[in-house]
Amino acid sequence: MSEARLFTSESVTEGHPDKICDAISDSVLDALLAGDPKSRVAVETLVTTGQVHVVGEVTTNAKEAFADITNTVRERILEIGYDHSDKGFDGETCGVNIGIGRQSPDIAQGVDTAHETRVGGAADPLDSQGAGDQGLMFGYAIADTPELMPLPIALAHRLSRKLTEVRKNGTLDYLRPDGKTQVTVQYDGTTPVRLDTVVLSTQHADGIELDSQLEPEIKQHVIDAVLTELGHQTLDTSNPRILVNPTGKFVLGGPMGDAGLTGRKIIVDTYGGWARHGGGAFSGKDPSKVDRSAAYAMRWVAKNVVAAGLAERVEVQVAYAIGKAAPVGLFVETFGSETVDPVKIEKAIGEVFDLRPGAIVRDLDLLRPIYAPTAAYGHFGRTDIELPWEQLNKVDDLKSAV
């Protein structure tokens, strides 16, 4: 029997101020990609009481979408559910300030004509697109769940999605968009054995009693519903500690309660702290930015490695130099869970996956408006939407390569 340990991950709803910003940035990105798939986009958003500020750099031929950014912003805020001043924010009446310039020509030079082409004379078209920045990105997969994600973050996301669902479908019509969930799981070694604690904080209308209404209804319609659907083989969910709105009241929320920024929930977006993170955020960035596209590719790699049975869990790191197509480094960690030599796994990854930025964009078909749905509830292991980096299309190739 291994020593019991507790691990915690959190999620937030789409109405959290930081997630509003991620959603706005990705909605602008999608609108521009729909009009011009080759758009270069780096959009950051800030929200605060009554105001939205959208700034960054864009180079695009999608002139109509660019001119309509203000409406794109308002529509996404209203879709999230901030449609009245009673909720602390209103997409119809809030101020929207746009401050967007063009992408730096120095950066564009390195992306458009990579070092391999510019200096080395490479003829392969995939050698012509360089990485949009230097950096390191991680991907991870583990056999904790059917979606090959760590259980704590997977469960936290399910709770957040359910919280939004019962708000939007009217089951609990007094809920407001802002909310957070947190899950603590007890592990025996690497096996999740017991759900220890669930923390759920949700914005609500004024006058709602915590003990007599909010807590029992959240437990019934959100927590119990999610745990019933979970059906995990090793996890005991029979008696968790449940904390609903432990401050006692959560009426003031959204941008009125806290300012929000794009890219401030990078652990929520990825693996809930279970795996390492290279530091780069995703939302508002087109796929020429390896912060986003290479992190997606690493998840694709890791998920296929685990699905192929080469390891029960794997973390893969890739690194790039700005303006260069080929990665400068690849690192594979299997934490002793491998079924074949890790050196063979690393070699097989190099043979099966082309990790040049242009190849990633091609193989995952990333020049499409597919990003707005990823802005909340995680970019990986999604069970509610289909994402190209979640496909298991390289399993047989990996098995053959090792």
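Glycine too: its Cβ is placed from the backbone N, Cα and C atoms.
Here Swiss-Prot flags His16, Asp178, Gly179, Lys180, Lys249, Phe250, Asp258, Arg264, Lys265, Ala281, Lys285 as ATP binding site, drawing on sequence analysis. The Cβ of Gly179 (ATP binding site) has 28 neighbouring Cβ atoms from other residues within 10 Å, across all protein chains displayed.
Residues or ranges marked as Mg(2+) binding site by Swiss-Prot on the basis of sequence analysis: Asp18. If you draw a 10 Å sphere around the CB of Asp18 (Mg(2+) binding site), it holds 22 other CB atoms from the protein chains shown.
Under the three-state DSSP scheme, Glu44 (K(+) binding site) falls in the strand class. According to Swiss-Prot, the feature K(+) binding site maps to Glu44, an assignment based on sequence analysis.
What Swiss-Prot records for Glu57, Gln103, Asp258, Lys289 is L-methionine binding site, and it gives sequence analysis as the kind of evidence. For Gln103 (L-methionine binding site), applying a Cβ distance below 8 Å and a minimum sequence separation of six or more within one chain yields Arg40, Ala42, Glu57, Val58, Thr59. Annotation note: Gln103 (L-methionine binding site) sits in a coil segment as assigned by DSSP.
The average per-residue pLDDT of the prediction over the region 'Flexible loop' (103-113) is 77, rounded to a whole number. Annotated region 'Flexible loop' per Swiss-Prot: 103-113, in sequence order, evidence recorded as sequence analysis.
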> Just going by other Cβ atoms within 10 Å, which of the binding-site residues His16, Lys249, Lys265, Lys285, Lys289 has the emptiest spot?
Replying inline: Lys249
>> Using a 10 Å cut-off between Cα atoms, which of these binding-site residues sit near Glu44 (K(+) binding site): His16, Gly179, Lys249, Asp258, Lys265, Lys285?
In response: Lys285
> When a 10 Å sphere is centred on the Cβ of Asp258 (ATP binding site), how many other Cβ atoms does it contain?
Replying inline: 15
>> I'd like the number of other C-beta atoms within 10 A of the C-beta of Glu57 (L-methionine binding site), please.
In response: 16
